[in-house]
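Features of the protein shown, as given by TrEMBL:
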- 36-41, 150-156, 175-179, 244-247: GTP binding site (BINDING)
- Ser40, Thr156: Mg(2+) binding site (BINDING)
Amino acid sequence: MSCCTKRKYEEINTSDDQPASSGANTMKILLLGAGEGGKSTWVKQMRLLYQNGFTSVERNYYKTIIFQNVIKSTVAISQNTAIPELQNLLKSPLTPASLSDSVISTLANLLLNNEFQNALLNTPIVDNYAYFISRLQFLANNLPTNQDILLARVKTHIETPFTCTLNKLKYIFYDVAGQRPARSTWNHRLSEANAFIFFCSLSDFDQTLIEDATTNRLRESLQLWTELVNSLLLEKVPVILCLNKMDLLVEKLKTRRFSDYITEYRGENEAKSVADYVQGLFVAANKVNAKIRPYKVFQTSISDQGLIINVCKSVFEFMLQAVLKQVGFF
C-alpha cells in the first residue's frame, strides 16, 4: 500500500464521522466467472499469503483429490483410444489406493506414447494432468506441496467465504460456484458487494461447457461477463478482470490454433496477441463509464506463486483506492 493511500485510509479510521458498526471496515468481494476460471485457486493463494497455509489434514485431503483428478482424466482419455496398455490398466477400477509403483510407471510411459498424447489433446481433462502424472511417485509417500495444492482441481459446490485482514481493513472473498445451474444463487450477494473479481480462463478457447457441449467456454465467459459488468446491481461496484492461465495458453497454442475456435480472430497464434485480443473483447463489452465504475485488468497465471504476490498487492491497492474514492478522498 502506498504511503498516500495508507494515510488517507487512516484518516477514515480516525474520523469522528466514521460509523461504529463492525461492517464499516469490511470489504465484501465476489469471485465470479464460469467454471474452472481460477476462483478457488485465488482463495488458495490468499491462504498461503495471508494465513497459515494448509494443515496436514488438508494436505491429505488434497492428496486424495489429486489422485482422483488423475484417475478421472485417465478414464476419460481411455474412451478416445484403444491403446492396449491403457485398456489393460483399466480392467480393474483405478482407485487412489491402487496407484502402485507399476501403475504409476505405466501412466508415465503412456505420456510418451504419441497415440496417447493425441487422445489427451482431444479429451476434456483436468488442467496439469501431465504434471500430476510426474508427481505421483512423490505423492505416493509424501504430502502435496503448495504448488501441488494450487494446481489441484476441486469443483466448488457451495459458496465458500474466505476472510483476511490487511491494514485494519477486513476483506471477505466469496468463492461461488460458476456452473450455469449455480448462478441463480449469486443474486443475494451482488447487491451487497463492494467489489468483484471476474476470472476467465484464456486456455479454455478450445473447450465446451460440461453442462452444454455446444457452447464454447471462452464465449460463455464473455457472455457472462457482459451480463454482470452491465448489471444495474453492479453499476458502481469496482471490478477486476483476471484473464487467467496464461501459462496454459502458451502451451496449448503449440498444438492448437486460436482462430480455429474463435474464427473472427485474425492475429498471430501467440499468447500475448491472443490475450490482448480477448482483453479487448471484454473491455469493449463493459458499457459503464470508468469514471462511474473503476476497473482493472490482469493477464496472469493465478497458480504461479511468484506472479501472484504482485497481483495481490495491486488488487488490494486498487480496491482500497476505489473505496476511498467512493467516500470522497479522491
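Each residue, glycine too, has its Cβ placed from N, Cα and C.
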Nearest-integer angstrom distance between the alpha carbons (Cα) of Arg153 (GTP binding site) and Ser40 (Mg(2+) binding site): 9
Out of the binding-site residues Ser40, Asn244, the residue with the smallest number of other Cβ atoms within 10 Å is Ser40
Expressed in Å to no decimal places, the gap between the Cα atoms of Asp247 (GTP binding site) and Ser40 (Mg(2+) binding site) is 17
In whole Å, note down how far the CA of Ser40 (Mg(2+) binding site) lies from the CA of Leu150 (GTP binding site). 9
According to DSSP, folded down to helix, strand and coil, what is Ser40 (Mg(2+) binding site)? helix
Would you say which of the binding-site residues Lys39, Arg153 has the most Cβ atoms within 10 Å of its own Cβ? Lys39
Of the binding-site residues listed (Glu36, Asp247), the greatest number of other CB atoms within 10 A surrounds the CB of Glu36
Across all chains shown, how many C-beta atoms besides its own are within 10 angstroms of the C-beta of Leu150 (GTP binding site)? 21
To the nearest whole angstrom, what is the C-alpha distance linking Asn244 (GTP binding site) and Ser40 (Mg(2+) binding site)? 12
